[in-house]
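Lifted from TrEMBL, the feature list:
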- 510-520: compositional bias 'Acidic residues' (COMPBIAS)
- 526-538: compositional bias 'Polar residues' (COMPBIAS)
- 24-504: domain 'Major facilitator superfamily (MFS) profile' (DOMAIN)
- 508-538: region 'Disordered' (REGION)
- 20-49: transmembrane segment (TRANSMEM)
- 69-88: transmembrane segment (TRANSMEM)
- 100-119: transmembrane segment (TRANSMEM)
- 163-190: transmembrane segment (TRANSMEM)
- 213-232: transmembrane segment (TRANSMEM)
- 346-363: transmembrane segment (TRANSMEM)
- 369-388: transmembrane segment (TRANSMEM)
- 400-419: transmembrane segment (TRANSMEM)
- 439-460: transmembrane segment (TRANSMEM)
- 481-500: transmembrane segment (TRANSMEM)
Amino acid sequence: MAKEQMQVLNALDVAKTQWYHFTAIVIAGMGFFTDAYDLFCISLVTKLLGRIYYHVDGAEKPGTLPPNVAAAVNGVAFCGTLSGQLFFGWLGDKLGRKKVYGMTLMMMVICSVGSGLSFGHSPKSVMATLCFFRFWLGFGIGGDYPLSATIMSEYSNKKTRGAFISAVFAMQGFGILAGGIFAIIISAAFREKFNAAPYEVDPLGSTVPQADYVWRIIVMVGALPAALTYYWRMKMPETARYTALVAKNQEQAAADMSKVLQVEIQAEPRKEEQEKAKYSLFSKEFLSRHGLHLLGTTTTWFLLDIAFYSQNLFQKDIFSAVGWIPPAKTMNALEEVYRIARAQTLIALCSTVPGYWFTVAFIDKIGRFAIQLMGFFFMTVFMFALAIPYDHWTHKDNHIGFVVLYSLTFFFANFGPNATTFVVPAEIFPARFRSTCHGISSASGKLGAIVGAFGFLYLAQNKDKSKADAGYPAGIGVKNALIVLGVVNVLGFFFTFLVPEAKGKSLEEMSGENEEEEVPPELSEQQRSYSNRTVPYV
């Protein structure tokens, strides 16, 4: 028999949308703003790093990062993020959401600054220091995923919970946008002050010494928004669901939420003697209740991120291939940063940001399931539309069409699985595993991002080795790489069917916590002790 929901949790579920909801969105969202800025800003400056540190005298083209260095610089933050998601996800269930939340933010601030201060006398030592700080930056960012999602879902009411969690995630769009805009401003200002001839005119002079400051400033500014929200994060009370359901302190939960909701909430009398020990993570009971759900959230996020991150990382190459960015040798170093940043900002403005906010607007109307299916479906359609007539898109007259389809793919990633895979794991698991299960799901996504980032760096290379980027083996070409991504999206579509719909339901209803049986009070003492003994101890 389902037990009644606690008064404090019911009060949260039916609360009208209030000021504290928006405060929570901003506090949690600024973490995501920083995450996106830090993860994506590196792709704006990788070409510049190649010119500064890997210039070859007499070479026809500007210096580029060797494949192993490019993979390390781009991918090391993902490895850190994956580790952080698992570690802080687990810690968030053990110590509480709030305690861990400040740690992740501090780590992001320190490592953003550290990345920009990367030092050394040789290119190798600068790249090694940069990679060291970016790994730990990623580790902090990783903690933000499960904690921000869990905190927001536990603070929300059931009517608009989807919109609130996806609004936190949507701040990622603004982070990407801010990274692009800031890179445009900095590169334009430096270009104005320290102008230089293009590479083909003056190979050495085309990269002015001051260009070394540009990438450092771009990377370090990511620390600012995180530092500004640290104080507010520390002032947030622990979520009522953690305090009441995991820490078992209903009085504290009621007191905290009375302040937040500004209503009087009575704590229910304790019934500890009636409680039975509950099943543990990965026990048979957990797997029978939530095993398929966890499989659904991990596989869909994994498949989505293969497609999402491979696009993001080779988009500057796509822009070059279709002529949005001129050949590198016709520009100086700062001009190239400006052009790459401008192209990425346009994509973010036209497709990435609107996609996120479409999800916010519709997720509680049409549901998570429908949005995710629709997103995977259209991503598949547009990937194949880009891939099959790929040669057609490379002709000069057809560039705009290519960019439109490319933008639509991004739009439906964000008005689709990129947002819903973040929202759902924060809603469907019990409070005592919520942060851990979200961490496992998001870590699976980052594994997909690593496959996308590393795999497609090599896969998308030209089939003719002489036309491939310096140091890379021949790949299968952009056309075939896009076909592979289309197939990945088809798989994502089908794995979506494992994930339940949480629209309009309370978290306890979704996770089955209301149904977790209690030992009936009329049982004898002997039966009670026996029943307590046979239940797996957590």
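Backbone N, Cα and C atoms are what each Cβ position is placed from, and that goes for glycine too.
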Contact between the transmembrane segment (163-190) and the transmembrane segment (439-460) (3 or more Cβ pairs under 8 Å, separation 6+): no
For the transmembrane segment (20-49) and the transmembrane segment (439-460), does the number of C-beta pairs under 8 Å, pairs 6 or more apart in sequence, reach 3 or more? no
Out of 69-88, 346-363, 400-419, 439-460, what stretch is closest in contact terms to the transmembrane segment (369-388), meaning most Cβ pairs under 8 angstroms? 400-419
If you count Cβ pairs under 8 Å, which stretch among 69-88, 346-363, 481-500 touches the transmembrane segment (439-460) the most? 69-88
Express the predicted model's confidence over the domain 'Major facilitator superfamily (MFS) profile' (24-504) as a mean pLDDT, rounded to an integer. 87
Using a Cβ cut-off of under 8 Å, list the residues of the same chain at least 6 residues beyond the transmembrane segment (69-88) that approach it. 38-39, 42-43, 46, 49-50, 54, 100, 103-104, 127, 130-131, 134-147, 309, 313, 435, 439-440, 442-443, 446-447, 449-450, 453-454, 457
